[in-house]
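Copied from TrEMBL, the annotated features are:
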type: ACT_SITE; residues: ASP13; note: active site, proton acceptor
type: ACT_SITE; residues: HIS41; note: active site, proton donor
type: ACT_SITE; residues: LYS140; note: active site
type: BINDING; residues: 12-18, 40-42, ARG304, 330-332, 412-414; note: GTP binding site
type: BINDING; residues: ASP13, GLU14, GLY15, LYS16, ASN38, ALA39, GLY40, HIS41, THR129, ARG143, GLN223, THR238, ARG302; note: IMP binding site
type: BINDING; residues: ASP13, GLY40; note: Mg(2+) binding site
type: BINDING; residues: THR298, VAL299, THR300, GLY301, ARG302, PRO303, ARG304; note: substrate binding site
Amino acid sequence: MANVAVIGAQWGDEGKGKVVDWLASRADIVVRFQGGHNAGHTLVVGNETYRLSLLPSGVVRGKLGVIGNGVVLDPQALLSEIEKVAAQGLKVTPENLRIAENVPLILPLHPALDRARETARGEDKIGTTGRGIGPAYEDKVGRRSIRLCDLAEPETLSAKLDELLLHHNSLLRGLGAPEFSKKELLDGLLALAPKLLPYAEPVWERLDEARHSGKRVLFEGAQAVMLDVDHGTYPYVTSSNTVAGNAAGGAGIGPDAIGFVLGIAKAYTTRVGSGPFPSELHDETGKLLGERGREFGTVTGRPRRCGWFDACMVRQAVKVGGIQGLVLTKLDVLDGLPELKICTGYRINGETVKRLPAAFRAQAAAEPIYETLQGWSGSTRGARSYAELPAEAVKYVRRIEELVEAPIVLLSTSPERDDTIMMRDPFAG
Ligand code: IMP
């Protein structure tokens, strides 16, 4: 049996939660390998709705959750989330959650710097979640991070905080934001240490063992390919690599263990935060998609920008993200629209192109080229086979499949876990 990696194929919020939950019920271990509590997954299980940001979705299904080294971990956010799900009757302990000992931590100074920078950017702000994700990754590659394992060595922690504060307080001072005191940070971390250290371990060993004993591992991506720090709409991106290749480095396992790469795309497009969005709709249809699709950010509650399906962009995400099969979600949101458009390319300064360019101004200038398809009058909601779909809906799905150059292996037709049309079992490889 193969492992599976799940990644977003657009700008996030593609409905990964439901798909990951469905796959998690068939996996043994679920691993987060990048991002942090900027992510938001909503899982509906029976009468309970779980909103997870940092916890791997598998814990809801009684599976082992692993937070890999590629994540940036806010200890306070993790403990609050553990408390929140405990109130819903879900116990998270070191028995069902393991955290890479070398995971970098998000400290209170990271969100402070994130927000101070966004304020300083004014009109040009990136629209980050304000959770300190970017500054925490900067510290990781700057070799200044406090990592989970440092909590076991108070002297190391103290010396590393000196270095960290020299950097951060200079920046905060320059931005006119309040500085941080070493004592407060050190005391805070030492108080958290006994709560966090029981979860810490070299998770690469556990994953290696899992691999050799034939366990199924699900790698749960956060954000999406177009928010990838290299391949996305830079600088309007998150600060990690969201492509499937990073599942290996972010978990501590070889690339051959990633298995089947499943991309998730909505049947239309949404984006939160700033940045280019060629197929964005500023009209009544855009509003309708937002209302019907309940398009509000899980983490920040911000309304999402909405637009037509951009096949050109998803094709690009398929190629750079390593996507082998696609899940199309929220098809039912399009029910009843008289006609549908699919973006198949862009016109940029008079030229027709079939990919989103990397250059900032060229990206911003991209005008969508549309193909128009007939809508359907029937309902797709809750369909569990192709035979239950209106003919035009099947045509729409098939056309997307052709344009993005990847097979659609699953079709999700409502938020309910079982309202899914499966063409191929991703765990079968
Ligand atoms: P950051 O990850 O908080 O630094 O935010 C950078 C960009 O990524 C912003 O446009 C955010 O709105 C976006 N972003 C981060 N996490 C998510 C997510 O889980 N879904 C959708 N957008 C996200």
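Cβ from N, Cα, C; glycine included.
Feature map: annotations from TrEMBL on the structure.
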{"residue": "GLY12", "record": "GTP binding site", "DSSP (3 states)": "coil"}
{"residue": "LYS18", "record": "GTP binding site", "DSSP (3 states)": "helix"}
{"residue": "ASN38", "record": "IMP binding site", "DSSP (3 states)": "coil"}
{"residue": "GLN223", "record": "IMP binding site", "DSSP (3 states)": "coil"}
{"residue": "THR298", "record": "substrate binding site", "DSSP (3 states)": "coil"}
{"residue": "LEU331", "record": "GTP binding site", "DSSP (3 states)": "helix"}
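Ligand 1 lies within reach of GLY12 from the binding-site residues GLY12, GLY15, LYS18, ARG302, LEU331, judged by a C-beta closer than 6 angstroms to any of its atoms. Residue with the densest Cβ environment among the binding-site residues GLY12, GLY40, GLY301, PRO303: GLY12, by other Cβ atoms within 10 Å. Neighbour list (THR42 (GTP binding site), Cβ cut-off 8 Å, at least 6 residues apart, same chain): GLY17, THR49, TYR50, ARG51, LEU52, THR298. Across the structure, GLY301 (substrate binding site) and GLN223 (IMP binding site) are spaced 16 Å apart at their Cα atoms. Candidates LYS140, VAL299, THR300, THR413 (recorded positions) were compared with ASN38 (IMP binding site); those inside 10 Å Cα-Cα are VAL299, THR300. Within 10 Å of the C-beta of THR129 (IMP binding site) we count 24 further C-beta atoms, all protein chains included. Once the Cα atoms of ASP13, GLU14, GLY15, LYS16, ASN38, ALA39, GLY40, HIS41, THR129, ARG143, GLN223, THR238, ARG302, the listed binders of IMP, are compared pairwise, the greatest separation found is 34 Å.
Reported as a whole number, the C-alpha separation between VAL299 (substrate binding site) and GLY40 (IMP binding site) equals 6 Å. Every protein chain shown contributes to the tally, and the Cβ of ARG304 (substrate binding site) ends up with 19 other Cβ atoms within 10 Å. Comparing LYS140 (active site) with HIS41 (active site, proton donor), their Cα atoms are 25 Å apart once rounded.
Using Cα positions, the member of the binding-site residues GLY15, GLN223, THR300, ARG304 nearest to HIS41 (active site, proton donor) is identified as GLY15. Using a 10 angstroms CA-CA radius around THR300 (substrate binding site), none of the recorded positions in ASP13, LYS18, GLN223, LEU331, THR413 qualify. The secondary structure of the residue listed as 'active site', as reduced to three states from DSSP, is helical.
Measuring Cα to Cα from GLN223 (IMP binding site), the binding-site residues that fall within 10 Å are GLY12, out of GLY12, GLY15, LYS18, LEU331, THR413.
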